[in-house]
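Listed features, source TrEMBL:
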BINDING   E35, D78, L80, D81, D208  Mg(2+) binding site
Amino acid sequence: QSGANDLQTKADRLVQMSICASLARKFPKVTIIGEEELPPHDVAEDLIEDGHCEEILKKTCPPQYTGIKEEELVIWVDPLDGTKEYTEGLLDHVTVLIGIAYGGKAIAGVINQPYYNYEAGADAVLGRTIWGVLGIGAFGFELTEAPAGKHIIVTTRSHSSTLVNDCISALNPDSVIRVGGAGNKIIQLIEGKASAYVFASPGCKKWDTCAPEAILHAVGGKITDIHGNSFHYNKEVKHMNSAGVLATLRNYDYYASRIPNTVKQSLVP
């Protein structure tokens with residue numbers, strides 16, 4: 001077990017060092033908050049990414065963001081979301097999350113699935129990057145709605161509890177999908193495999209939700225805590241989403257109205 005944990009820690013740290021150092025070099029005034037507590041030290045040059053994506057640069061920046069100053073942005077980084085699944089070899093659950101917030105709101109995000117297609121054979125293209133910006137849209141996947149009239153809940157695979165399960169039961173779902181990683185759960189929503197992401201527990205952090213929130217909102221979805229409160233992503237905010245998560249691509253109100261009061265009383269924002 002410690003071997004797997006060491007592997008996870010090394011992967012987490014290397015990915016975060018690469019992302020944070022690369023961003024800090026290009027945008028020295030932004031605030032970057034990552035999951036791993038890393039001591040500031042020189043990062044090896046081979047970890048620095050200095051390229052850019054032509055596809056994204058072809059898009060026009062939404063007018064409401066053209067005047068943003070670098071120092072007004074906060075970037076939330078989860079270098080390896082779905083850690084437990086990573087150590088267990090469930091590589092399709094694993095995502096790298098980079099969320100950009102302005103004025104406390106998630107406005108842009110990247111969900112990278114480094115092992116996407118890893119079971120599809122030697123000829124398959126490995127990995128994909130889903131990205132979105134409010135006012136532009138979201139790209140890198142096929143937006144699909146869950147089957148009409150079906151209530152398919154996606155929830156935690158490794159952090160279950162009585163409260164989590166009681167909340168799901170109250171929604172009377174047709175089926176429940178248990179997968180690792182917040183990024184992966186939002187992908188289930190935008191690709192039509194699930195109709196709601198419900199997590200009635202603390203444990204999720206701001207770096208888990210910032211990037212997925214921006215992508216979900218860019219295609220008209222909604223994510224809140226269990227009480228219906230929006231998440232805030234300014235740099236002073238506490239890192240824990242202590243009142244859980246409720247997210248949908250469509251029909252948010254249907255699910256929100258069915259969250260039991262007992263669950264709400266147990267989860268304090």
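Here, residue 1 is simply the first one shown, and the rest follow in order.
Any Cβ shown, glycine's included, is placed from N, Cα and C.
TrEMBL entries are annotated by machine, without manual review.
Within 8 Å of the centroid defined by the CB atoms of E35, D78, L80, D81, D208, the record's Mg(2+) site, lie the Cβ atoms of V77, P79, G82, T83, T95, V96, L97, G181, A182, G183, K205, W207, excluding the listed residues themselves. Cβ neighbour count for D78 (Mg(2+) binding site): 31 (other Cβ atoms within 10 Å of its Cβ, all protein chains included).
Counting every protein chain shown, the number of other Cβ atoms lying within 10 Å of the Cβ of L80 (Mg(2+) binding site) is 24. Its Cβ placed at the centre, D208 (Mg(2+) binding site) has 27 other Cβ atoms within 10 Å.
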